[in-house]
Each structure stands twice: as structure tokens, then as C-alpha cells.
Amino acid sequence: MAESSQSQIGFLVPLDHNLKEDTSIPKIPLSEGQNIVGRDSIPVTDKRLSRKHLTLNASLDGSADVLVEGTNPIVVRSSDQRKKLLSRERLTIKHGDVIELIPGHHFFKYVASGGEKNTESPNSWRRTKNEGTKVWEGEAPSQKRMRRVSEDEASARSLQAELDDDSLAQESSLEAFRHFNVPNDELPLTFRLLQVQGLPAWANTSSVSIGDVIQGNVLIAILSNYMVDIDWLISACPTLEKVPQVLVIHGEGDGTLEYMKRNKPANWILHKPPLPISYGTHHSKAMLLVYPRGVRIIVHTANLIYVDWNNKSQGLWMQDFPWKDQSSLNKGCGFESDLIDYLSALKWPEFTSNLPALGNFSINSSFFKKFDYSNAVVRLIASVPGYHTGPNLKKWGHIKLRTVLQECIFDKQFQKSPLVYQFSSLGSLDEKWMSELASSMSAGVSEDKTPLGLGEPLIIWPTVEDVRCSLEGYAAGNSIPSPQKNVEKVFLKKYWAKWKAGHSGRCRAMPHIKTYTRYNGQNLAWLLLTSANLSKAAWGALQKNNSQSMIRSYELGVLFLPSIKHGCGFSCTGNGNISEDKCGSLGSSEVKRTKLVTLAWQGSRKQNSSEVIPLPVPYELPPQPYSSEDVPWSWDRQYHKKDVYGQVWPR
């Protein structure tokens, strides 16, 4: 809102997170002199914005003096510099500078222009000031008008070019996310994000809730997780109360376990897998739902608690598989081997189930060999605790990932291309182990059998400011449980990159999702969606001259690869019979060459007979390294600056 009665001399132009003009928000007109900018200036609800958030004193020479009036800081971007201003601090800005009213949010570009009385462009004002009015002496009125029109047009073109710096032909990644909608028969080819409360509807496009995946006539449910809130789980998913037999494989401690035992339904079985090595956990997050028609396998990243399914950035993959026919009972595939090996390690107490029209079955790991996984579109990458040697060395952890990637052929564009590690808890690491992990993550060859070569990794990790300003405020930091001694190791500084998720609407939904990927621009060589954080406990560490791997925890992830079976439209909850589900029998699936991309990728969905598979990677690629002002979050530091709820940390 402009207080001055002087003529209009510019605007604050709203931008989206890609720094393109956001036409859904009106421009803020600026007059010569003092202008107040705050909550009443823009049509957004954000309690962090003060009514008098800043004053902007605009001058005819195209500059403006900015003073922070509110309690929260702002950020000014000028050229490639980014400067944070705290309350009562001031800075002179120029035409083209960008103001973040809240760091990382509410972007506005300062555009100086002629007002009703003064039509000269900002450039002509600077020229007049610097070179003196004699430059224009003797100029005819008609020449003067033509010069001004020409300069104004040039200024407008320049501004438009800056706002559209990705080129007019490209669709923004935000728009791509808004229109991300996966047909049911293609759901297994990609993953989905979990719904987040409080986000605009577009940000939850194709996102899922727990009720979307546990549905239909479930005969047996096996729920694998770390943290389990039974009361919330049953209220959020009433279908579970109707399931005849439920096995909960968990990682809870004694206190919560006693509560679970007292309050669980009578037909629920609780099992905590063996942890033979200290400091390990059962951390895998998966569901196996048995139906009359088949089994639904779900691998995801959320604990079975309220905040994980409502307030955080999370991912989920699922695929339905039919029962094998009699001729295929002894046939297997890579996915089946991955699954049965992992389930065998859990050692749950075997139980018997009478499945209507199917008969009596012993429910153990071998029971799951009865389903046809030939149309699986992912590989499972799991970890189980132990000292693994011989053939078992290649079954688990990062050596399993290395083994699978070594068998794959990738496009040559991924030679020496970078890596991203994105997760929510950081172990105690050293440079030797980081090299060991990067070696596994860099495995694979291009079409001419040339190894892809080592990729340089970046770690996407929330800053203190990200957590403070998140949907949960500092409380979000409880789910990013890494101490200073792990986070502030000097060698890690070169790896830090920002959690930037504007295109998915999840900048303020702190990540509990874990993803690892190799990329080139918006093209992905592969992507792993997993429960595994960046730790030796989760991934394993080589010992004894690389002949042994020591793993402490159970983890489970799904690996998306470029050459996969086309998938299958089979659904356990569909109404048709199996023959109507576009699903071939075991071994009959056609292997197609596919191309994995982010939603920001620009191009045709069909390329040289390759099928393009979009994956909803919630953060921006390539990642943006930390600035000198960014501080990585650690949960055992004190933070006195109040969060969005007026709280400090620890409370």
C-alpha cells in the first residue's frame, strides 16, 4: 500500500518459486516516497507476515530504500548475491532485485518504471542523473517521444525476458506437478507423495492417504514399520478393523509395546524382529495385503503415526500381483527373490489362515511365493542386520544396490553425472565410508560397456530456517533427529544442498521421504525410494578387506530403473477378472526401454519407442548448494529465534 500521494513509479511484481511472474497475485503499485508492504498488500494467509512488514522508500532514480519493520527477516536477492535483513535493518535495492518477504517464500521483484507524470524508463533516469540533462539538449519533441517509447519497450522486453528466463516454450515444473495424474494401470511405474494437510489442492494432485491404499476385501494384512500408533491407525483406516488377521512388525520400545499389547484388537499379532547387533532398529516401512485375487505390496517412508501421514513430505509405491496359476508355481523372478529373502529374515511367528474359496495356508515367508511377480516394475533393495559374507554379501545394503546397478545399461549422458542423497537422519560418517557408498551408487555401464564412473554426491538437508518456518515449526525437527556431532563435521560442508520444493508445494512440509538418485538435468538414471537414512547402520559398512558387510538395521526400498517390464494393470480391488486386467502370465511380460524423468522435464512423452516415466521428485534438481548463511539442522542445538508458532527450541 502506497502512503505517498506522489505519482506511481514502479511495482513489486509477484514471482513463483521458479522466479517467473505469478499472475494469480496482483502487482503491488509503488509511489515515490514511502510505501508500506505487509499482510494487507497480498492475498495470502501467513501469520509470519506483519501488517507493516517493511517500508519501501522509492526514488525517481530507480532505487529504493527498504526497512524491515516486522519481527521476521526478509531476504534480498541482487544479481547472484542473497542478503538476509533482520528486523530494523535497511538496504538500498535497485531495479530487478528480488525480495523474499519471508526467506524462501513470497517472492516479489522490484520493477522501477515511469509513473503518470514521469514516463521515462529507469534507464533514462539513471542516464539523466549520471550524464546530466545536456545529453538531451536540442532534441526535438517528436524525437524525445520516440526515444521514450523505444526505451520503455526495451525495458518491458528486458523485464519479460528476466521473468521468463526458462524460455516461453517451457512449461513450469509447478504446472507439471499440478497436472500430474497417473492412470491406474501405470501406478506401479512411478511413486506418489502422501497428502499434506494445509497445502493448496494442486499440491496434493495424485497424492495418497492411508485409506487410499488399505482398502477393499483384505484377508490378511502385514504392516511393517518402526513407530506404530495403534489408536491413530485404526481411526485413520477403519478397514483394518474388518481384516481377519493383522500382523504388525514393528521397532517400538518397551513402553509403547506394552501399550500396544493392552490396546490392540484380539486378532492382531505383534512382532519385533531380532536385532543381533547393538544400535540397530527395525526401520522398514511396508505393507503386504492379501486379497481373494492376489497381493498388494506397498513400500513407503511414513511411520504409522498422525504427523507422518499429514504434515511431512513422504513417498509411497505400490503394485498388485495375482496368484500364480498351477503351471507357474515353481517359476520365480528377481523381485520374488528380493522379497522372499527379506521376509525370511524377519522371522515372524508363523500363523494359519483360512482364506475363503482358497483353503488353509501357513502364513510364513514361503507363502508369498504363491503370487506372480513377473510384472514387477521395480527391484527391492533391503538391509537386514548381521555380518554378511560370501553370497549374502551381495544380498543386502549398498552392496545389493551396487550389484543390481552393475547389471544395468544406462544412457551415456549419465557418465560421471552427479548423485543426490536425500533423507531425514544422518549417522556418524567419515570420508572413507562416503567414498565406499559413492562407489556403489555410481555403478553401472553405458551402451558401449563403459563404466559410468564416480558421481559427485550432494546431500539435500533442511536448514535451521527451513525447520523454523515449516508447517510444524521447530517440532518438525523431532523427525530430523541428528546431533551436532554428526551434522557439523567439517568434511560434510561440501555436500550440503537445500531442501527446495516449491514446485511440489512442499517447501514447508519437512522431508521424511528418503530418495537416492543419479541425474543429469531433469533426466534420472535411476531412483531409490527407501526407508534408509544416510548411515552405516542402514546401508552397511565393508570390513575385512571388503569381504564382509556389517549392517545393524532392517531397511526396505524400491529401485526404479530405465529398462523395466512395462507393468500390469492388474488390481486386487478391481471388479473385473484377471484376464480383463491387461496382465500377462509369469514370464510373458515385454521388457521395454524406458526413460525416467522428473516432473520438470520438458519433452514428448514418447521418444524413439522409449516410454517416458515421470517420477514426482518433490525437491528441485539440480540441488542448490548452501549459502554461507545457511546452517544445517541439528536437533540438540538451542534456537532462540521463535518459530511460526512463537516457540523456541527446545521447548
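Any Cβ shown, glycine's included, is placed from N, Cα and C.
Because TrEMBL annotations are produced automatically, they should be read as predictions rather than curated entries.
Keep in mind that what you see is a predicted model, and the values were worked out from it rather than measured.
Here is what TrEMBL says about this protein:
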type     : residues   : note
ACT_SITE : H512       : active site, proton donor/acceptor
BINDING  : K285, K514 : substrate binding site
COMPBIAS : 128-137    : compositional bias 'Basic and acidic residues'
SITE     : S535       : site 'Interaction with DNA'
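Sequence features, as recorded in TrEMBL, placed on the structure.
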| residue | record | Cβ within 10 Å |
| --- | --- | --- |
| K285 | substrate binding site | 26 |
| H512 | active site, proton donor/acceptor | 24 |
| K514 | substrate binding site | 24 |
| S535 | site 'Interaction with DNA' | 23 |
Spatial separation of S535 (site 'Interaction with DNA') from K514 (substrate binding site) - C-alpha basis, Å
12
If you measure between the CA atoms of the residue listed as 'active site, proton donor/acceptor' and K285 (substrate binding site) and round to the nearest Å, you get 12
